[in-house]
Ligand code: XMP
């Protein structure tokens, strides 16, 4: 293995992710594992130079204070115990010094955590886990699944089969990009499933947003299951689980961490073992990994996009004409933001199309057509958001393009509402 590791054992501290990041910022790789790691599990972890027992207020579970077992205390690996509850807080400087001295003096860890080393270690671990067997991946084209695909292609090539389900709710050019990058440039086994009609038929006449979400999610799983049944001899399912997914499903008790199951909500009874090579990476590290693996910037740095896709931006019951209008207007917005230096600056920007027509003038005649709403927001955690101050002349230019180029749209509105009172999406 190329990199040293400091292992953080979860004794119920909410500060584990922060601690992991602090040590990674020193150039040393970290992983967080449950407190009750067994001797075999510990032995299987490569390059462990030190162990930090990070306790906190949640250390007591069901009236019992949890602690690491003999596997840890008897391992001979240097240990540092940090206990948050009740102890007087250390100053930031003292804390940093204590950590540094533990990592570099006591453990003699080397600052060799970088993406190239991470990738070569993961390649080795994936090969070891998978052997000569076959792996299946649902490849949406989002950052996480794309990076997993690229990493697995590097590790096991054609032993990986990617399934891309086009549900008709992706942005303009996205399904084509998935095929181009993975099938043509990376030479992957890629099954492209055109499920557009199937999804749109299921969604026909459904206007309640939560029902729409549910239909899209359930149908996705069905299509994926059908495809996976057609394949033979698959033992592993790869998933783009990343560290924040695990944090969100609960780090407070060790149990919650262990019982975590990702992400696209794929059912457990598919009978596969999981391969989750990004599960210890934060989002910025996932992007760096994707870049190091040669994925295009437009894939690696793409803005957040909801799982149900344009389905929740074509408001109310989805119709094909409005779906096309929202896709085309979104493409124009993205093109203009890119041209005007806003692409990397604004956190999320898109168009939505309400089920609303208004009268306008087209070719000298009065005509009832749709309107499109532009949304452009900035946020840190998506819990609150502010509206980007988009230059007025750019908004006018985008309006002119959308009303000229997008069929059936005669008005463009700009959403000035922060979150709260609005949400980022319209439904
Ligand atoms: P809201 O609209 O709740 O959105 O302010 C916050 C962030 O979450 C995204 N979002 C979703 N992502 N499935 C997803 O994967 C969904 O159903 C969904 N709804 C909203 C939204 O795009 C924003 O980034």
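Including glycine, each Cβ sits where the backbone N, Cα and C put it.
As given in TrEMBL:
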type: BINDING; residues: 140, 141, 142, 143, 144, 145, 146; note: ATP binding site
type: DOMAIN; residues: 113-302; note: domain 'GMPS ATP-PPase'
By a simple count, how many Cβ atoms lie within 10 Å of the Cβ of residue 140 (ATP binding site), its own Cβ left out?
24
Can you give me the residues near the recorded ATP site, meaning same chain, not 140, 141, 142, 143, 144, 145, 146 themselves, Cβ no more than 8 Å from the center of the site's Cβ atoms?
139, 147, 148, 149, 240, 299
In all the protein chains shown, the tally of other Cβ atoms within 10 Å of the Cβ of residue 142 (ATP binding site) is 19
If you average pLDDT over the domain 'GMPS ATP-PPase' (113-302), what do you get?
90
For residue 141 (ATP binding site), list the number of other Cβ atoms lying within 10 Å of its Cβ atom.
22
Of the binding-site residues listed (145, 146), the greatest number of other CB atoms within 10 A surrounds the CB of 146
By a simple count, how many Cβ atoms lie within 10 Å of the Cβ of residue 144 (ATP binding site), its own Cβ left out?
22
For residue 146 (ATP binding site), what is the secondary structure state per DSSP, taken as helix, strand or coil?
helix
Counting only residues 6+ away in sequence within the same chain, which have a CB under 8 Å from the CB of residue 143 (ATP binding site)?
283, 286, 287, 290, 299, 300, 302
